[in-house]
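A.B. asks: Got a structure for you, questions after.
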Amino acid sequence: YVLTFHLVFSQVYNRNDRSGMLAHPNSLVRQKREWTVPPAFIREEEDNSYKNPIARIHSDLEDTGIVVTYTISGQGVTEPPYGLFVINGKTGDLNITGRVDREKTPILLVRGHALDKNGAKLEEPIDLPIKVVDINDNFPVFSHEIFVGSIEELSETGTIVMRINATDADEPNNLNSKIAFRIVSQSPSAAFSMDKNTGEVRVAKINLDRETQSSYSLVVEAKDRGGEAGGNAATCSLEIKILDVNDNLPVVESRTFEGSIEENRANVEIMRIKVFDRDEEFSDNWLANFTFVSGNEDGFFQIVTDKQTNEGILTVVKVSTNFWRFFFKY
């Protein structure tokens, strides 16, 4: 005997028909005592009751005069979400009573049973997987509200700065969850570009100059349905810092300095040599390094850098009564 599901709004391929022609709608076939059941479809967050009955169970034992009672179990019945499906025990009509969230239950597995008047099993249970059809009811979500990145000044056009990540809870590999990225605004403008599909942010402007602009602020959008009109969109902020490279020469305040010191004095500061450098303040690129070129062969003097002011501090370290002229470099 045969227990079948009759689907009210589906068609079934007859797998025994090698021609690939459709079998009669709302019919099922058994192959080697296994049931071939096409899935039913319901749309998430929608009142699907207008489609009732969405399926029908039938056993051909009824054709022999046996009284058959139909029951169901599984998700939506004896498992969460409870109370979603009910069945007419006499007719086998399967009805839906509520709404479904695909993100919680993308497929509902319902099992049908044929019982006699005493509740004993007449047939092996039959499974009916019911797929929940996705709707675009979720917005893209960024992994951060603010993304922070950095790139060296003078980087070549096309250099990757960072990658932005966003997800969408709608059905994977579906247009509803396909995200497209774009830059909504950037200040100053036109310095960076963005890959629509990967979320990669790249250098678009030649000669990023930290000394001219040390940081950039961007607003980025992620829109589902591949970015098409009507898609759900979200935005986030990007902060990009331009990193310093040693691309500026130090400039000394004057080419000539004069100083004096009392004789027989040592460990006394004679003068400070002011140097200017446009590289990032207090970085190694900014900090000057002073050395003597000539005039200090006997080592009476030393010069060290004040790391707070970037000045060269010239000091006498040995006692002498002579007059010196010396040259230094930085």
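From the backbone N, Cα and C atoms, a Cβ is placed for every residue, glycine too.
Fair warning: this is a prediction, and the values are worked out from it, not measured in the lab.
Here's the feature list from TrEMBL:
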- 54-142: domain 'Cadherin' (DOMAIN)
- 143-252: domain 'Cadherin' (DOMAIN)
A.B. asks: When the domain 'Cadherin' (143-252) is classified with DSSP, how many of its residues are helical, how many are strand and how many are coil?
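C.D. replies: Tallied per class, the domain 'Cadherin' (143-252) gives 6 helix, 50 strand, 54 coil.
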A.B. asks: Would you mind giving the whole-number mean pLDDT across the domain 'Cadherin' (143-252)?
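C.D. replies: Per the prediction, mean pLDDT sits at 96 for the domain 'Cadherin' (143-252).
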